[in-house]
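Enquirer: Questions regarding the structure given below will be posed in turn.
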Amino acid sequence: GALLNNFSHVDHVTQELELLNATDFVSEAPKKAQRSQQGAAAEEVGRGESRSQEGSGEGRTVMQAEMMTQAEMSPPLNASISSNIKCYTFPRGDITRFRPARPDTLGLLDYYLLDAASLLPVLALNVQPDDFVLDLCAAPGGKTLALLQTGVCGHLAANDISISRTKRLYQILHSYVPKEIRETVSVTSCDGRDWGQLEGGTFHKVLVDVPCTTDRHSVMEDDNNIFHRRRTKERQMLPMLQLQLLMAGILATKPGGEVVYSTCSLSPLQNEYVIERAVEIAETQFNISVHVEDLRHFQTLFQDTFSFFSDCRLGELVLPHLTANFGPMYFCKLRR
(Lines of atoms letter the chains of each structure in order from A and count residues from 1; the text may use other names and numbers.)
(Lines give C-alpha, C1' and ligand atoms only; values in the text may rest on other atoms or scores of the structure.)
Protein backbone atom coordinates (compact mmCIF):
# COMPACT_ATOMS: atom_id res chain seq x y z
CA GLY A 1 0.00 0.00 0.00
CA ALA A 2 1.33 3.32 -1.11
CA LEU A 3 -0.40 6.54 -1.98
CA LEU A 4 0.39 8.80 -4.90
CA ASN A 5 -1.17 12.24 -4.79
CA ASN A 6 -3.77 13.34 -7.28
CA PHE A 7 -2.96 15.69 -10.16
CA SER A 8 -5.56 18.30 -9.27
CA HIS A 9 -3.24 19.90 -6.72
CA VAL A 10 -1.12 22.24 -8.82
CA ASP A 11 2.03 21.77 -6.76
CA HIS A 12 1.96 18.05 -7.49
CA VAL A 13 2.83 18.86 -11.07
CA THR A 14 4.83 22.06 -10.80
CA GLN A 15 6.68 21.97 -7.50
CA GLU A 16 9.47 19.44 -7.35
CA LEU A 17 9.59 17.14 -4.34
CA GLU A 18 12.63 14.92 -4.10
CA LEU A 19 11.25 11.76 -2.57
CA LEU A 20 14.43 11.23 -0.60
CA ASN A 21 15.01 14.72 0.72
CA ALA A 22 14.84 14.47 4.50
CA THR A 23 13.93 18.06 5.25
CA ASP A 24 11.05 18.23 2.75
CA PHE A 25 9.65 14.74 2.85
CA VAL A 26 9.84 13.74 6.50
CA SER A 27 8.28 17.00 7.68
CA GLU A 28 5.41 16.82 5.21
CA ALA A 29 4.69 13.13 4.91
CA PRO A 30 3.18 12.47 8.35
CA LYS A 31 0.83 15.45 8.07
CA LYS A 32 -0.31 14.63 4.58
CA ALA A 33 -0.46 10.90 5.02
CA GLN A 34 -2.95 11.42 7.83
CA ARG A 35 -5.30 13.07 5.37
CA SER A 36 -6.39 10.11 3.32
CA GLN A 37 -7.77 12.33 0.59
CA GLN A 38 -4.24 13.52 -0.09
CA GLY A 39 -3.92 10.28 -1.99
CA ALA A 40 -2.13 8.81 -4.87
CA ALA A 41 -1.83 6.59 -7.83
CA ALA A 42 -1.53 2.87 -7.63
CA GLU A 43 -1.78 -0.57 -8.99
CA GLU A 44 -1.39 -4.11 -7.79
CA VAL A 45 1.89 -5.94 -8.02
CA GLY A 46 1.99 -6.16 -11.79
CA ARG A 47 -1.51 -6.73 -13.06
CA GLY A 48 -5.27 -6.68 -12.27
CA GLU A 49 -5.58 -4.15 -9.53
CA SER A 50 -8.82 -5.15 -7.77
CA ARG A 51 -7.03 -6.70 -4.83
CA SER A 52 -4.56 -3.87 -4.54
CA GLN A 53 -7.38 -1.56 -3.56
CA GLU A 54 -7.69 -3.61 -0.39
CA GLY A 55 -3.99 -3.37 0.40
CA SER A 56 -2.25 -6.00 2.46
CA GLY A 57 -1.10 -4.06 5.45
CA GLU A 58 2.06 -5.60 6.82
CA GLY A 59 5.23 -3.63 6.42
CA ARG A 60 3.60 -0.33 5.54
CA THR A 61 5.95 2.47 6.40
CA VAL A 62 6.22 6.20 6.08
CA MET A 63 9.60 6.85 4.48
CA GLN A 64 11.89 6.79 7.46
CA ALA A 65 14.26 9.52 8.56
CA GLU A 66 17.26 7.18 8.74
CA MET A 67 16.93 6.37 5.05
CA MET A 68 16.37 10.01 4.14
CA THR A 69 19.42 11.17 6.02
CA GLN A 70 21.55 8.56 4.30
CA ALA A 71 20.20 9.61 0.93
CA GLU A 72 20.73 13.26 1.72
CA MET A 73 24.39 12.54 2.40
CA SER A 74 24.72 11.00 -1.06
CA PRO A 75 23.81 13.80 -3.53
CA PRO A 76 24.51 11.79 -6.72
CA LEU A 77 22.17 9.02 -5.59
CA ASN A 78 19.53 11.45 -4.46
CA ALA A 79 19.66 13.37 -7.72
CA SER A 80 19.47 10.23 -9.80
CA ILE A 81 15.84 9.55 -8.94
CA SER A 82 14.54 12.99 -8.08
CA SER A 83 10.96 13.41 -9.25
CA ASN A 84 7.68 15.19 -8.59
CA ILE A 85 6.02 11.95 -7.50
CA LYS A 86 4.46 12.28 -4.06
CA CYS A 87 4.00 8.93 -2.45
CA TYR A 88 3.16 7.97 1.11
CA THR A 89 3.35 4.44 2.44
CA PHE A 90 1.31 2.98 5.26
CA PRO A 91 2.88 3.14 8.73
CA ARG A 92 4.61 -0.14 9.51
CA GLY A 93 2.10 -2.72 10.67
CA ASP A 94 -0.92 -0.57 9.80
CA ILE A 95 -3.57 -2.72 8.07
CA THR A 96 -6.10 0.08 7.68
CA ARG A 97 -8.13 -0.16 4.51
CA PHE A 98 -8.75 3.10 2.77
CA ARG A 99 -12.25 4.21 1.86
CA PRO A 100 -12.96 4.33 -1.89
CA ALA A 101 -11.42 7.35 -3.57
CA ARG A 102 -13.82 10.28 -4.00
CA PRO A 103 -13.90 13.05 -6.60
CA ASP A 104 -12.31 16.34 -5.60
CA THR A 105 -13.46 19.82 -6.61
CA LEU A 106 -12.27 19.22 -10.18
CA GLY A 107 -14.07 15.88 -10.38
CA LEU A 108 -10.84 13.88 -10.19
CA LEU A 109 -10.44 10.95 -7.81
CA ASP A 110 -8.17 11.85 -4.93
CA TYR A 111 -5.94 8.80 -4.63
CA TYR A 112 -5.16 5.44 -6.15
CA LEU A 113 -3.57 2.61 -4.21
CA LEU A 114 -0.68 0.52 -5.47
CA ASP A 115 2.04 -1.74 -4.19
CA ALA A 116 4.82 0.71 -3.32
CA ALA A 117 7.39 -1.42 -5.18
CA SER A 118 5.51 -0.65 -8.42
CA LEU A 119 6.96 2.86 -8.27
CA LEU A 120 10.55 1.66 -8.45
CA PRO A 121 10.58 0.95 -12.22
CA VAL A 122 9.16 4.45 -12.82
CA LEU A 123 11.81 6.03 -10.60
CA ALA A 124 14.51 3.97 -12.32
CA LEU A 125 13.36 5.29 -15.71
CA ASN A 126 14.29 8.79 -14.47
CA VAL A 127 12.15 10.73 -16.94
CA GLN A 128 13.65 14.11 -17.88
CA PRO A 129 11.85 17.27 -19.06
CA ASP A 130 10.26 16.89 -22.50
CA ASP A 131 11.18 13.22 -22.85
CA PHE A 132 9.08 11.18 -25.25
CA VAL A 133 8.07 8.18 -23.16
CA LEU A 134 6.54 4.83 -24.13
CA ASP A 135 4.69 2.63 -21.64
CA LEU A 136 4.56 -0.51 -23.76
CA CYS A 137 2.30 -2.66 -21.55
CA ALA A 138 0.44 0.11 -19.77
CA ALA A 139 -2.88 -1.30 -18.54
CA PRO A 140 -4.37 -1.14 -15.99
CA GLY A 141 -2.56 2.17 -15.52
CA GLY A 142 -0.85 2.57 -12.14
CA LYS A 143 2.64 3.06 -13.55
CA THR A 144 1.17 5.24 -16.33
CA LEU A 145 -0.24 7.57 -13.68
CA ALA A 146 3.11 7.63 -11.90
CA LEU A 147 4.89 8.51 -15.17
CA LEU A 148 2.46 11.38 -15.72
CA GLN A 149 2.88 12.54 -12.15
CA THR A 150 6.55 13.24 -12.78
CA GLY A 151 5.14 16.26 -14.62
CA VAL A 152 7.93 16.25 -17.19
CA CYS A 153 6.84 13.89 -19.98
CA GLY A 154 6.88 15.74 -23.29
CA HIS A 155 4.61 13.03 -24.66
CA LEU A 156 3.51 9.68 -23.27
CA ALA A 157 2.45 6.78 -25.47
CA ALA A 158 0.48 4.26 -23.40
CA ASN A 159 -0.13 0.94 -25.12
CA ASP A 160 -1.67 -2.40 -24.20
CA ILE A 161 -2.57 -5.34 -26.41
CA SER A 162 -5.85 -6.06 -24.59
CA ILE A 163 -8.86 -4.04 -25.75
CA SER A 164 -10.67 -4.54 -22.44
CA ARG A 165 -7.62 -3.56 -20.42
CA THR A 166 -7.09 -0.52 -22.64
CA LYS A 167 -10.65 0.57 -21.82
CA ARG A 168 -9.71 0.29 -18.15
CA LEU A 169 -6.65 2.44 -18.85
CA TYR A 170 -8.88 5.10 -20.47
CA GLN A 171 -11.11 5.06 -17.39
CA ILE A 172 -8.13 5.50 -15.07
CA LEU A 173 -6.77 8.43 -17.09
CA HIS A 174 -10.17 10.18 -17.18
CA SER A 175 -10.74 9.56 -13.46
CA TYR A 176 -7.37 10.84 -12.25
CA VAL A 177 -5.77 13.12 -14.85
CA PRO A 178 -6.82 16.65 -15.87
CA LYS A 179 -7.75 17.17 -19.51
CA GLU A 180 -4.71 19.34 -20.32
CA ILE A 181 -2.39 16.55 -19.14
CA ARG A 182 -4.41 13.81 -20.87
CA GLU A 183 -3.81 15.65 -24.12
CA THR A 184 -0.12 14.77 -23.85
CA VAL A 185 -1.01 11.05 -23.80
CA SER A 186 -1.79 8.81 -26.76
CA VAL A 187 -3.47 5.51 -25.90
CA THR A 188 -3.21 2.59 -28.31
CA SER A 189 -4.09 -1.09 -28.28
CA CYS A 190 -1.40 -2.72 -30.41
CA ASP A 191 0.63 -5.88 -29.99
CA GLY A 192 3.64 -4.46 -28.18
CA ARG A 193 5.91 -6.96 -29.91
CA ASP A 194 5.41 -5.00 -33.15
CA TRP A 195 6.17 -1.58 -31.71
CA GLY A 196 9.78 -1.48 -32.85
CA GLN A 197 8.54 -1.84 -36.42
CA LEU A 198 5.73 0.69 -35.95
CA GLU A 199 7.78 3.46 -34.34
CA GLY A 200 11.42 2.46 -34.15
CA GLY A 201 14.03 4.70 -32.54
CA THR A 202 11.60 7.44 -31.48
CA PHE A 203 11.49 7.43 -27.66
CA HIS A 204 13.88 8.74 -25.02
CA LYS A 205 12.50 6.41 -22.33
CA VAL A 206 10.58 3.13 -22.57
CA LEU A 207 8.94 1.19 -19.75
CA VAL A 208 8.43 -2.51 -20.52
CA ASP A 209 6.32 -3.82 -17.62
CA VAL A 210 5.65 -7.24 -19.08
CA PRO A 211 2.92 -9.80 -18.41
CA CYS A 212 4.29 -12.37 -15.97
CA THR A 213 3.23 -15.04 -13.50
CA THR A 214 2.13 -12.32 -11.01
CA ASP A 215 3.58 -14.36 -8.16
CA ARG A 216 1.86 -12.58 -5.27
CA HIS A 217 -1.60 -13.10 -6.72
CA SER A 218 -0.85 -16.59 -7.93
CA VAL A 219 -0.36 -17.88 -4.40
CA MET A 220 -3.85 -16.64 -3.50
CA GLU A 221 -5.68 -17.23 -6.78
CA ASP A 222 -7.91 -20.26 -7.23
CA ASP A 223 -9.73 -19.42 -10.44
CA ASN A 224 -7.68 -19.31 -13.63
CA ASN A 225 -4.34 -19.59 -11.83
CA ILE A 226 -1.37 -19.28 -14.21
CA PHE A 227 0.23 -22.28 -12.47
CA HIS A 228 -2.74 -24.55 -13.18
CA ARG A 229 -1.97 -27.53 -15.44
CA ARG A 230 -4.30 -26.27 -18.16
CA ARG A 231 -2.16 -23.10 -18.45
CA THR A 232 1.20 -24.90 -18.52
CA LYS A 233 1.93 -24.03 -22.16
CA GLU A 234 0.99 -20.38 -21.64
CA ARG A 235 3.26 -20.18 -18.59
CA GLN A 236 6.15 -21.83 -20.41
CA MET A 237 5.82 -19.33 -23.27
CA LEU A 238 5.97 -16.28 -20.99
CA PRO A 239 9.77 -15.78 -21.15
CA MET A 240 9.61 -15.74 -24.96
CA LEU A 241 6.78 -13.17 -24.90
CA GLN A 242 8.71 -11.10 -22.38
CA LEU A 243 11.84 -11.24 -24.52
CA GLN A 244 9.93 -10.16 -27.63
CA LEU A 245 8.38 -7.24 -25.76
CA LEU A 246 11.75 -6.15 -24.36
CA MET A 247 13.32 -6.33 -27.81
CA ALA A 248 10.50 -4.16 -29.18
CA GLY A 249 11.14 -1.69 -26.37
CA ILE A 250 14.86 -1.57 -27.17
CA LEU A 251 14.15 -1.02 -30.87
CA ALA A 252 11.64 1.73 -30.04
CA THR A 253 14.31 3.64 -28.11
CA LYS A 254 16.49 6.37 -29.59
CA PRO A 255 20.26 5.76 -29.51
CA GLY A 256 21.30 6.91 -26.04
CA GLY A 257 17.79 6.29 -24.73
CA GLU A 258 16.87 4.07 -21.80
CA VAL A 259 14.60 1.08 -21.23
CA VAL A 260 13.37 -0.24 -17.89
CA TYR A 261 12.17 -3.84 -17.89
CA SER A 262 10.02 -4.98 -14.98
CA THR A 263 8.03 -7.97 -13.74
CA CYS A 264 6.23 -8.94 -10.55
CA SER A 265 7.84 -12.37 -10.64
CA LEU A 266 10.54 -14.03 -8.54
CA SER A 267 11.65 -16.26 -11.42
CA PRO A 268 15.14 -15.69 -12.90
CA LEU A 269 13.75 -17.14 -16.15
CA GLN A 270 11.43 -14.14 -16.39
CA ASN A 271 13.95 -11.68 -15.01
CA GLU A 272 17.74 -11.89 -15.50
CA TYR A 273 17.62 -14.48 -18.26
CA VAL A 274 15.34 -12.30 -20.36
CA ILE A 275 17.74 -9.37 -19.92
CA GLU A 276 20.79 -11.45 -20.87
CA ARG A 277 19.13 -12.87 -23.98
CA ALA A 278 17.89 -9.44 -25.09
CA VAL A 279 21.37 -7.92 -24.78
CA GLU A 280 22.75 -10.80 -26.85
CA ILE A 281 20.08 -10.55 -29.57
CA ALA A 282 20.42 -6.77 -29.79
CA GLU A 283 24.13 -7.18 -30.46
CA THR A 284 24.10 -10.18 -32.80
CA GLN A 285 20.92 -9.57 -34.81
CA PHE A 286 20.56 -5.77 -34.78
CA ASN A 287 24.13 -4.58 -34.18
CA ILE A 288 22.86 -2.55 -31.20
CA SER A 289 25.06 -2.31 -28.13
CA VAL A 290 22.94 -2.34 -24.96
CA HIS A 291 24.45 -1.54 -21.57
CA VAL A 292 22.91 -2.83 -18.32
CA GLU A 293 22.85 0.02 -15.80
CA ASP A 294 23.87 -0.45 -12.17
CA LEU A 295 20.86 0.12 -9.89
CA ARG A 296 22.48 -0.87 -6.60
CA HIS A 297 21.97 2.64 -5.24
CA PHE A 298 18.27 1.78 -4.98
CA GLN A 299 19.17 -0.66 -2.23
CA THR A 300 20.88 2.14 -0.31
CA LEU A 301 18.13 4.67 -0.85
CA PHE A 302 15.25 2.35 0.02
CA GLN A 303 16.83 -0.07 2.49
CA ASP A 304 14.35 0.89 5.22
CA THR A 305 11.31 0.51 3.00
CA PHE A 306 11.93 -2.58 0.86
CA SER A 307 13.63 -5.93 1.27
CA PHE A 308 16.01 -6.43 -1.68
CA PHE A 309 17.32 -9.78 -2.89
CA SER A 310 21.08 -9.55 -2.39
CA ASP A 311 22.13 -12.00 -5.12
CA CYS A 312 20.38 -10.53 -8.15
CA ARG A 313 22.90 -10.75 -11.01
CA LEU A 314 21.32 -8.01 -13.11
CA GLY A 315 18.87 -5.35 -11.96
CA GLU A 316 17.14 -5.36 -8.58
CA LEU A 317 14.46 -7.57 -7.02
CA VAL A 318 12.19 -6.55 -4.14
CA LEU A 319 11.16 -9.54 -2.05
CA PRO A 320 7.96 -9.60 0.03
CA HIS A 321 8.94 -9.70 3.69
CA LEU A 322 6.86 -9.76 6.86
CA THR A 323 8.21 -6.39 7.96
CA ALA A 324 8.25 -4.84 4.46
CA ASN A 325 5.44 -6.49 2.59
CA PHE A 326 5.94 -5.05 -0.89
CA GLY A 327 6.63 -6.79 -4.16
CA PRO A 328 7.78 -9.00 -5.65
CA MET A 329 9.05 -6.47 -8.16
CA TYR A 330 11.99 -7.00 -10.49
CA PHE A 331 13.37 -4.08 -12.48
CA CYS A 332 16.42 -3.63 -14.68
CA LYS A 333 17.58 -0.62 -16.67
CA LEU A 334 19.17 -0.80 -20.12
CA ARG A 335 20.83 2.00 -22.06
CA ARG A 336 20.92 1.80 -25.85
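Cβ atoms here come from the backbone N, Cα and C positions, even for glycine.
Dumping what TrEMBL says about this protein:
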REGION    30-60  region 'Disordered'
DOMAIN    31-336  domain 'SAM-dependent MTase RsmB/NOP-type'
BINDING   CYS137, ALA138, ALA139, PRO140, GLY141, GLY142, LYS143, ASP160, ASP191, ASP209  S-adenosyl-L-methionine binding site
ACT_SITE  CYS264  active site, nucleophile
Enquirer: Please report the Cα separation of ALA139 (S-adenosyl-L-methionine binding site) and CYS264 (active site, nucleophile) in Å, rounded to an integer.
Expert: 14
Enquirer: Could you tell me which of these binding-site residues, GLY141, ASP191, has the greatest number of Cβ atoms within 10 Å of its own Cβ?
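Expert: The most densely surrounded of these binding-site residues is GLY141.
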Enquirer: At a 10 Å cut-off from the C-beta of CYS137 (S-adenosyl-L-methionine binding site), count the other C-beta atoms across all protein chains.
Expert: 23
Enquirer: Distance between CYS137 (S-adenosyl-L-methionine binding site) and the residue listed as 'active site, nucleophile' at the Cα atoms, whole Å?
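Expert: Answer for this pair: 13 Å between alpha carbons.
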Enquirer: Tally every other Cβ atom lying within 10 Å of the Cβ atom of the residue listed as 'active site, nucleophile'.
Expert: 28
Enquirer: Express the distance between the Cα positions of CYS264 (active site, nucleophile) and LYS143 (S-adenosyl-L-methionine binding site) as a whole number of Å.
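Expert: It is 13 Å, counting Cα to Cα.
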Enquirer: Hey, what's the widest CA-to-CA gap across CYS137, ALA138, ALA139, PRO140, GLY141, GLY142, LYS143, ASP160, ASP191, ASP209, the S-adenosyl-L-methionine contacts in the record, in Å?
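Expert: Farthest-apart Cα atoms in CYS137, ALA138, ALA139, PRO140, GLY141, GLY142, LYS143, ASP160, ASP191, ASP209 are separated by 20 Å.
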